[in-house]
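If you look up TrEMBL, you'll see B:15-37, B:58-78, B:98-119, B:140-159, B:185-209, B:229-250, B:270-294, B:306-330, B:376-399, B:419-436, B:448-469, B:489-514 (among others) marked as transmembrane segment. The domain 'Cytochrome oxidase subunit I profile' annotation in TrEMBL covers B:38-554.
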Amino acid sequence: MKELFPAKQVMGFVFSLILTAIALLVYFLDLSFTAGLTILVVTAFVQALLQLVVFMHAGETKDKWAIYGNVYFMILIAMITIFGTLFLFVWDM
Amino acid sequence: MEFFERFAIPHPSPAIYASMVVIALTVIAIIAGLTYFKKWGYLWREWLTTVDHKRLGLMYIISAILMLFRGGVDAIMMRAQLATPDSKLLDAQHYNEIFTTHGVVMIMFMAMPFIFGFMNYIVPLQIGARDVAFPRLNAISFWLFFMGAMLFNISFVIGGSPDAGWTSYFPLAGTEFSESVGTNYYMIALQISGLGSLMTGINMITTILKMRAPGMTLMKMPMFTWSTLVANLIIVTVFPVLTVALAMGTMDRLFATNFFTSSNGGMDMLWANLFWVWGHPEVYILILPAFGLYSEIISTFSSKNLYGYTSMVASMVIISVLSCLVWAHHFFTMGQGAASNSFFSITTMAIAVPTGVKIFNWLFTMWKGKIRFTVPMLYSIGFIPLFTIGGVTGVMLAMSAADYQYHNTMFLVAHFHNTIIPGVVFAMLAGLTYYWPKMFGFMLNERIGKWTFWALSIGFVLAFFPMYITGLDGQARRMYTYSESTGFGPLNMLSFIGAGIMAIGFVLIVYNIYYSIRYAPRNIGSDPWDARTLEWATHTPVPEYNFAITPAVNSVEPFWDAKKKKHVLFPEPLKKIHMPNNSGMPFILSAIFFVWGFSFVFAIWPLVIIATLGIFACLASRSFENDHGRYISLEEVEETEEKLGGAKK
């Protein structure tokens, strides 16, 4: 029976609920803007990766290099855009 | 009546009323003509539901040519308005509208579909595939582009055109300063056609990576295929940024959010930032496939293989990386400091290096080659010096300190037309002439073609070089008139004359098509240019399955090797062929998208909700559809091959 029970998915589901609850805390607790946003950004990215790996089955097929390659590429582009924008409008304005 | 008042034009003029009449008459004529000649069924079966990459490619190209004329009329009106000082031909509002629509139409609805047309038509043939990887997605891409373009184009007769420039900078594009629905049209129409572009990007990358003929390694791909791969990688990289920026802009305009407002924590400069994160790579999306076409043409008509294949590929990849690191050079004057301006200055100037490598490779390809001065080759030879001037002025603009002088003047306008016209437009016309026999089975007239080339080149130089001078003298871009004392008058008149000569060139293209349909010989075979790559190895007209037998590839130029070095291109026997089925869903889905966009523009929410449900219904129905394609039987393949002159060996 053990191999039929989707332990990974159930654990993933619980973990994603926990992440959602942590994110929701930002609304109820009286945090500073920076602290709140940090929690939101971190939980959002972990949540996205969790969904990708556990529920969208990235890494379970032979073309996993393509899927992870795309993810790394996407992160790289996002980083370029974000840090470029910060460079322009915050650090050098 | 109150409901219908929103559709009125805020700034009507006799010209707009006349175009309303013309549009109505054209629509009536098309409907009547289709009914009279009983062509509705033909149109639906053969074109509206097709998933064939060749037909979709042709439809892209036809749409692009139509849009070229629409954008061209805007351009002529602009030049006519500026030809004399204190001109009263157009008022400021109309001038704003035509320079906005000229920019959007030419970039998004002329240049983009033109290159997509060539990608669609040529790439599967060049890599020996039967179609693209996702044929139905390809049809959705086309119809989304088409509906986006149509939505944008009806703006000038229903509700008013956008008037905030093709860059649509906030806060000017916000509701405070642009009250009419024009900018809504901009946001929504670009969103719809941008979705199509993103899908094409995914489709082309998959096609090129997964469906090459056996033996064609990445470094044996023809240069146009390489340029398509790189351009589509850029599309997938940057179009999401445009999607997000447009969505934020739409929300600012329709739902009163504050992303790009200048109050309530919004930041108007962020729009310019996001727009150019997409916008600068976008110009490389346009120019790289153009470079690919030039590479094919120059190699064919120099009767030599392309010089420096590896460095050509490397320079394109380097350009694609650098193109994502230069966007701030569009707003050096916005107020950021010297450090960031220097950074973006240097990355911008660095792009000149790989581009220069490509220029020298083309020159070395021609060096000691047996050059044939055909029309496509003339465009390619004309491109090299003209584009280089555009590149050099680009490096001038890249110097951020000097840019404070050039910024927002006609110097900039001259620069980007100097890269886009010889770079992209010439390439499209060269490609059109070059691939015309493959598409239609006859050649365009060479004599008229050469006249066209000279009219366009001379017209181009006369139209745009004076702008460098007036720009340095301080003529601002997008200024609808100027006083006589500025002294801009004579050079602007020269520009107008140049624009007129270019217009003659474009009319000559239409005449050439008409003339060639009537008089060109039809028995030209399948390889009229003595070309080198796979797309010329199949029959003309190309059968729907492209190649009856999958070609075997041994080098960059398998067809040339088959002709000259006894390479066996089609080693296997004929087999039955698996092809995708036609589907009406892409057209229906996109038509619903049109309704969705239109009701979004005018904030007719019930219709938006209904159309959204319709879109999801189309998506859901696809999930329940069981379509495994169809087989063309061996007998049918044999029959087709026989009719086209026997199976190719």
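Keep in mind that glycine also has a Cβ here, set from the backbone N, Cα and C atoms.
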Would you kindly list the residues that approach the transmembrane segment (B:185-209) from elsewhere in its chain, counting only those six or more residues past its ends and only Cβ-Cβ distances under 8 Å?
100, 104, 108-109, 112, 116, 119, 123-124, 127, 129, 132-134, 137-138, 140-145, 147-149, 151-152, 155, 159, 161-162, 164, 168, 173, 221, 225, 228-229, 232-233, 235-236, 239-240, 242-243, 246-247, 249-250, 253, 593-594, 597, 600-601
Is the transmembrane segment (B:419-436) packed against any residues at least 6 beyond its ends, judged by a Cβ distance under 8 Å, and which are they?
61, 64, 106, 111, 114-115, 118, 121-122, 283, 286-287, 289-291, 293-294, 296-297, 300, 374-377, 379-380, 382-383, 386-387, 390-391, 394, 442-444, 449, 452, 456, 460, 464, 509, 529, 535
If we skip the immediate neighbours and take only residues 6+ beyond the ends of the transmembrane segment (B:306-330), which ones have a Cβ under 8 Å from one of its Cβ atoms?
219, 223, 226-227, 230-231, 233-234, 237-238, 272-273, 276-277, 279-281, 283-284, 288, 291, 295, 298-299, 336, 340-341, 343-345, 347-348, 350-351, 353-355, 357-358, 360-362, 364-365, 367, 397-398, 400, 403, 556
Could you tell me what the rest of the chain brings near the transmembrane segment (B:98-119), counting residues at least six beyond its ends with Cβ under 8 Å?
57-61, 63-65, 67-68, 70-71, 74-75, 77-78, 90, 141-142, 145, 148-149, 152-153, 155-156, 161-168, 182, 186, 190, 193, 197, 200, 204, 224, 228, 231-232, 282, 285-286, 289-290, 293, 420, 424-425, 428, 431, 435, 478
Residues of the same chain, at least six outside the transmembrane segment (B:15-37), with any C-beta under 8 angstroms of its C-beta?
9, 43, 156-157
Segment proximity, the transmembrane segment (B:229-250) to the transmembrane segment (B:270-294), 3 or more C-beta pairs under 8 Å:
yes
Can you name the far-off residues of the same chain, 6+ from the ends of the transmembrane segment (B:229-250), with a Cβ under 8 Å from a Cβ of it?
115, 119, 168, 170, 173, 183-184, 187-188, 190-191, 194-195, 197-198, 200-202, 204-205, 208-209, 221, 257, 259-260, 271, 274-275, 277-279, 281-282, 284-285, 288-289, 316-317, 319-320, 323-324, 600
Looking only at the domain 'Cytochrome oxidase subunit I profile' (B:38-554), report the model's average pLDDT.
94
